[in-house]
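Colleague: Straight out of TrEMBL:
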- 183-199: disulfide bond (DISULFID)
- 53-75: transmembrane segment (TRANSMEM)
- 91-113: transmembrane segment (TRANSMEM)
- 119-143: transmembrane segment (TRANSMEM)
- 263-286: transmembrane segment (TRANSMEM)
């Protein structure tokens, strides 16, 4: 009986066992002193654990890629002469988003690999927090649409004012104007508020608009003409309409967002589905290890 008892895993510590003497039959039958061996996970459980690891590994790589993009953007702008403050830099969103996604995915990977209940619970809590933020953001969009529209207008106006000061904003404004075929906020005349395009400015860009406003920036050539919008603000509406797009981007962007409502809803549903699949796999692994 003693030899059989020595082969079983002991629950209590050696200090607790000092001074305790039980008969062989009582010690063998006492469930408080001896731990049963944990059941081995089934084949299905091992498959779920492997899938959970690969699932989180994929999003860990995507998060690291996003993090590297944010770091690269901040370092590239830090070496320039001008740049936006760190708190308002758009690349900071990539940095924080990549950092958060990497941390949560790493916890999911290690939790599935090492069967760690602590890491798996942290992973599930982070997913629930993200889901709560997404629901809160959706409710804010529905309840505060007018304020969000005013905030978007102020943001677009700020982009016009800081067009030459921030390369990221310049790229964003050019892409919006080029793809939506618009110019300015309400009309092309809004570029007068920019200190470089104002008609009283001393530079060559005075009374002009960016080349992304032009209807034909190539002008039948192969290289875009960066000066195609120069002097447009000094022309009348009819003459300017023959060179640049006179409509503003505010209305065009609103129409584009309304047209993309289905795609936005599908993207949100896909994101929720991805989080739900990750949470279900983590719960299944947690059931096997607890």
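Cβ coordinates come from backbone N, Cα and C, glycine included.
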Colleague: What stretch, picked from 53-75, 119-143, 263-286, has the most CB pairs under 8 A with the transmembrane segment (91-113)?
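Modeller: The stretch with the most contacts is 53-75.
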Colleague: Could you give the residue numbers and ranges of same-chain residues that sit at least 6 residues beyond the transmembrane segment (263-286) on either side and whose C-beta is under 8 angstroms from one of its C-beta atoms?
Modeller: 45, 48-49, 51-52, 55-56, 59, 108, 111-112, 115, 117, 120-121, 123-124, 127-128, 130-131, 134, 138, 257
Colleague: Below 8 Å Cβ to Cβ and six or more residues apart, same chain only. Which residues does that give for residue 183 (disulfide bond)?
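Modeller: Sequence-distant Cβ neighbours: 177, 191, 209, 212, 213, 244, 245, 246, 247, 248, 249.
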Colleague: Note down the number of other Cβ atoms within 10 Å of the Cβ of residue 199 (disulfide bond), including every protein chain shown.
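Modeller: Result for residue 199 (disulfide bond): 11 other Cβ atoms within 10 Å.
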